[in-house]
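Swiss-Prot annotations:
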DOMAIN    5-228  domain 'Radical SAM core'
BINDING   C21, C25, C28  [4Fe-4S] cluster 1 binding site
BINDING   Y27, G68, S119, M189  S-adenosyl-L-methionine binding site
BINDING   C250, C253, C267  [4Fe-4S] cluster 2 binding site
REGION    302-323  region 'Disordered'
COMPBIAS  302-313  compositional bias 'Basic and acidic residues'
Amino acid sequence: MLIDGFGRKVDYLRVSVTERCNFRCQYCMPEKPFSWVPRENLLSYEDLFKFIKASIDEGIKKVRITGGEPLLREDLDFFIKMVFDYKKDIDLALTTNGYLLSKMAKKLKDAGLKRVNISLDTLNKETAQKIAQKDVLEKVLEGIEEASKVGLKIKINCVPLKGVSEKDVLEVLEFCKSRGFVVRFIEFMENFHAKDGAKGLNSDEIKAIIAQKYPNFKTVLRDTSSPAQYYELEDGYQFGIIEPHKDDFCASCNRIRLTAEGFLIPCLYFEDAMSIKNAVQSNKIDEAVEILKKVLKNKPEKNKWSQKDDNEVSTRAFYQTGG
């Protein structure tokens with residue numbers, strides 16, 4: 001069992017396989033060109049798997065593949081099959097923007113993928129293009145349809161932005177409700193790489209919009225293993241809101257992140273990291289596990305978004321850590 005310095009059980013590993021992304025979303029990616037990490041500096045699938053295998057042996061129950069955009073890395077289904085074949089009952093999931101998903105969904109499902117989280121901030125073509133800096137909506141919707149068709153469990157992630165997509169909150173909710181998908185609205189997490197002036201809706205503003213049509217929704221008892229607070233409409237449909245600005249958001253954090261370069265990240269907000277790259281490439285797996293335990297001991301109690309200070313902006317590059 002893996003325990004951090006505050007007694008929290010850590011059983012969830014998020015693995016970024018690439019920092020590259022084919023979108024330039026306002027809340028995540030810088031607009032100006034910059035240098036990607038050279039591909040030869042990334043851990044191979046084999047080395048990533050060595051660490052995942054050891055982490056599972058130490059008590060990890062859930063593995064999520066992230067990016068950047070993970071579907072940009074070739075042979076991702078091969079990598080997922082490696083993990084699935086080692087531990088068939090592992091909770092194996094993927095986070096994606098959905099743009100390439102229609103061609104990959106069946107391969108991923110056949111490889112052992114169980115669930116997929118897909119970003120959908122709007123159902124308006126022009127708004128989607130404004131957010132992603134690219135014409136994306138049609139292909140994202142095709143990806144969602146194909147993932148559903150092949151039997152992947154789907155959650156939709158939506159980051160409502162003030163003055164951009166706040167008018168689309170109800171439409172996204174209705175889209176998911178009609179298809180039986182869970183939707184989670186995510187408060188914008190201020191970060192160094194977001195577009196200047198980007199502002200998100202807070203949880204109260206999101207709830208106020210939903211209450212315009214569904215005034216009698218109620219709060220659901222929180223599942224401490226989930227970052228979202230869920231709410232239930234009168235017909236039983238549940239939606240979630242992820243609230244990183246709330247004081248208790250980090251209280252039950254159960255996750256650790258591994259970047260494609262081999263850095264272990266204890267917290268999405270902070271820059272602190274330690275590398276397991278040399279250890280896994282040298283097959284010193286015990287050393288990699290010791291680094292993991294050391295990183296967990298350094299895991300902070302909470303992020304700084306909860307201080308409700310507009311100056312608290314994370315310098316973490318979210319596209320490298322998968323959010």
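Cβ coordinates come from backbone N, Cα and C, glycine included.
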Can you tell me the CA-to-CA distance separating S119 (S-adenosyl-L-methionine binding site) and C21 ([4Fe-4S] cluster 1 binding site), as a whole number of Å?
13
Return the average pLDDT for the domain 'Radical SAM core' (5-228) as a whole number.
93
Measure the Cβ-based neighbour count of C25 ([4Fe-4S] cluster 1 binding site), defined as the other Cβ atoms within 10 Å of its Cβ.
24
M189 (S-adenosyl-L-methionine binding site) versus binding-site residues C21, C28, C250, C253 - nearest by Cα:
C28
Can you tell me which of the binding-site residues C21, C250, C253, C267 is spatially closest to Y27 (S-adenosyl-L-methionine binding site)? Compare CA atoms only.
C21
Give me the non-local Cβ neighbours of C267 ([4Fe-4S] cluster 2 binding site): same chain, 6+ apart in sequence, Cβ-Cβ under 8 Å, ordered along the sequence.
C250, C253, K299, P300, N303
Which chain neighbours of the [4Fe-4S] cluster 2 site, leaving out C250, C253, C267, have a Cβ atom within 8 Å of the mean position of the site's Cβ atoms?
F249, R255, P266, L268, Y269, K299, P300, E301, K302, N303
With DSSP assignments reduced to helix, strand and coil, which class does S119 (S-adenosyl-L-methionine binding site) get?
strand
Secondary structure at C28 ([4Fe-4S] cluster 1 binding site), reduced by DSSP to three states:
coil
C25 ([4Fe-4S] cluster 1 binding site) and G68 (S-adenosyl-L-methionine binding site), distance between Cα atoms, whole Å:
11
Which one of the binding-site residues (C21, C28, M189, C250) has its C-beta surrounded by the most other C-beta atoms within 10 angstroms?
C28
